[in-house]
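Peer 1: If you scroll down you'll find the structure; I have some questions about it.
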Amino acid sequence: MKNCLKCRALVISLLILNLFRVSVASVVSTGDFNKDFFVMWAPDHVSTSSNGRERSLKLDQVSGSGFASNQMFLFGQMDMQIKLVPGNSAGTVLAYYLASDQPNRDEIDFEFLGNVSGQPYIVQTNIYVDGFDNREERIYLWFDPTEDFHTYSILWNLHQIVFMIDSIPIRLYRNHAEKGVAYPRWQPMSIKTSLWNGDSWATRGGLDKIDWSKSPFIASFKNYTIDACVWKGNPRFCRADSSANWWNKRSFSTLTRVQKRWFKWVRNYHMVYDYCQDNQRFQNNLPKECFLPKY
């Protein structure tokens, strides 16, 4: 009997160990910016800590800056802790996004639009599919994103795209491809960040310009996680229902009950703009997805 109990305990221990292995098997990031990312432009405007764990981008009158992942991915979850440009950041744009780098590109975008001191930051999200976008949503942040780091996440799977801030879902884009709605599901994408001059449109439609006397403008990054399917040239591996591809499982095909409550709270109290409510822009011919369920 004792031996049997020991065997059961060993089996349970092995199962737990195996589950742990499965849970980390898809994490492909090292936590070192120098190993997982390369500088896209202006290396003299990109600073990285000695251990590779933190990185910052700088914008001044000479140049903006940016970096991108070495790998490309097809589905998964990407998390990045970011501290936004402090002070009077009007006209600046910090982008954290996925992009396929094709002429008919797919993109999943976070864009943080700089503000005049004392005004709340606006986060714009957008989705490109086959080169077409026009799917912007904007929210006011309910905290000061310049005082500390916050986690910005993109969950992208066969069922939905979820934008999250500190695990709170702020936007959903559902896969309604079977109903004729475009959805990014074939093109692999890399992770990119950039800090640049967007004062022609970013703050109050371009009315507030960058005050270069406040430069340089600095945004900081740390504690990223890439838990995703690395592109190897064949989409079936990333679309497969496997233990490593946890994001494609049914349990991640919609929001949980708690997530739905948070999502409604964001939309009720922090939404600034929703393309699905802009009849004037679309001349009373809103995109098809605007009439379909989000979850």
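If you go along the chain as it appears here, the first residue is 1 and each next one adds 1.
Every residue gets a Cβ built from N, Cα and C, even glycine.
What TrEMBL shows for this protein is this:
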- E107: active site, nucleophile (ACT_SITE)
- E111: active site, proton donor (ACT_SITE)
- 22-221: domain 'GH16' (DOMAIN)
- N115: N-linked glycosylation site (CARBOHYD)
- 1-25: signal peptide (SIGNAL)
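So where do these features actually land, and what's packed around them?
Peer 2: A 10 Å cutoff on Cβ-Cβ distances gives E107 (active site, nucleophile) a total of 20 other Cβ atoms nearby, all chains included.
Around the Cβ of N115 (N-linked glycosylation site), a 10 Å sphere holds 25 further Cβ atoms from the protein chains shown.
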Peer 1: Could you tell me the mean pLDDT the prediction assigns to the domain 'GH16' (22-221)?
Peer 2: 95
